[in-house]
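The signal peptide annotation in Swiss-Prot covers 1-22 and rests on sequence analysis. Annotation source Swiss-Prot lists FAD binding site at M36, W71, K112, L113, D114, N174, E180, I264. Taken from Swiss-Prot, the feature Mg(2+) binding site applies to T177, D290, D293, S294.
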Amino acid sequence: MILNFIFNVFFLFIIFFTILHKNEEKKSIKLKGKTMGTYWQVKIPYVPNQLHIKNLIQRKLDEDEKLLSSWKKNSLVSKFNKLKKNQLLAIDKKFFKIISIALKINKKTYGKLDITIGNLINIWGFGNQKKPHNYPSINKIKQVMALTGMKHLSLISNANKHYIKKNIDGMKINLSTLGEGFAADHLSSVLKKEGIENYTISIGGTVLVKIKNKENSKIIAIQKPTDKIQSIHLLIHLKNKSISTAGTYRNYYYLKGKKISHLIDPKTGMPVTHNLISVSVISSTALEADGWDSALLILGFKKAKILALRENLAVCLITKKNNTFSTWISPCFKKFLINT
């Protein structure tokens with residue numbers, strides 16, 4: 001979900017993999033911009049009205065950001081965060097879908113994907129609060145954790161109308177682990193309505209590939225998980241699928257000499273510290289790939305491996321010990337792998 005850049009073309013310095021191009025059409029265009037604190041890039045066949053397409057893409061992404069942002073005061077997320085317990089907030093189908101996927105993955109990952117940890121994200125300096133100069137106290141963490149938990153969040157549907165509510169005051173949600181995937185799927189539907197059938201969408205650490213031609217595919221390079229010299233770790237081919245990568249080695253800071261990752265374990269209230277540093281997930285939708293990667297990374301290697309096998313997930317896990325990388329690839333991921 002973070003740090004993705006296009007190899008030899010345009011580097012997005014906050015992602016984990018690079019897109020290479022196989023059977024690249026000579027007449028193609030690349031549109032790019034900013035959204036959700038990261039970069040987006042869309043590659044499509046040449047169209048004469050490319051300015052219209054670019055403006056349309058940016059407008060739709062701006063709409064998504066207004067929907068999902070924790071920073072914008074009038075976003076649905078911000079409106080929910082201001083609710084008192086048991087108050088209903090009317091939501092649209094798009095918001096209903098993203099919350100439904102979050103609830104689904106939460107149940108399958110022992111609660112590791114938890115969108116109700118907005119307060120935890122804030123006290124660790126990855127939300128709308130500044131990075132702390134001291135570790136949050138145990139009492140502070142316990143106090144904030146009392147305001148988390150997907151069990152305190154409810155979706156309600158009635159006569160084609162959707163609502164969301166919380167059953168405790170002070171709970172805040174944060175959808176940063178799902179926003180890029182959601183936006184990529186949204187752009188896919190937008191391009192389809194414009195009659196565009198072949199495209200590659202990159203938003204942060206998420207890539208979505210659609211190809212009508214039966215033979216062609218895109219080659220994706222999963223980057224070696226290091227914040228130093230960028231190099232290719234694995235190559236895969238992708239067609240009509242999405243891949244999302246989460247990692248601990250880019251979005252972090254040091255506090256009293258210790259590395260603080262942006263990935264917070266909702267069960268402990270603490271940033272993850274284990275040696276699983278990168279997780280890539282391939283799925284039919286970008287939203288699900290984006291949700292699974294962070295949850296699996298928070299789980300740690302052993303539990304993530306067991307879960308990937310149990311759920312038949314296409315997963316690549318990379319661990320690091322003493323500056324040595326080790327890679328585990330699930331059986332479902334192997335069919336995408338390019339042997340080099």
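Placed from the backbone N, Cα and C atoms, the Cβ positions cover glycine too.
For N174 (FAD binding site), other Cβ atoms within 10 Å of its Cβ number 25. The DSSP secondary structure for M36 (FAD binding site) is coil. Between the candidate binding-site residues, D114, D290, the densest Cβ environment within 10 Å is the one around D290. I264 (FAD binding site) sits 10 Å from S294 (Mg(2+) binding site), counting Cα to Cα.
Within 10 Å of T177 (Mg(2+) binding site), judged by CA to CA distance, lie the following binding-site residues from the set M36, W71, K112, L113, D114: L113, D114.
Recorded residues D293 (Mg(2+) binding site) and L113 (FAD binding site) have their alpha carbons 9 Å apart, per Cα-Cα distance. Here FAD is bound by M36, W71, K112, L113, D114, N174, E180, I264 per the record. The longest Cα to Cα distance in that group is 23 Å. All chains included, 21 other C-beta atoms sit within 10 angstroms of the C-beta of M36 (FAD binding site). N174 (FAD binding site) sits 13 Å from S294 (Mg(2+) binding site), taking the Cα positions as reference.
The sparsest Cβ neighbourhood within 10 Å, among the listed binding-site residues (L113, I264), is found at I264.
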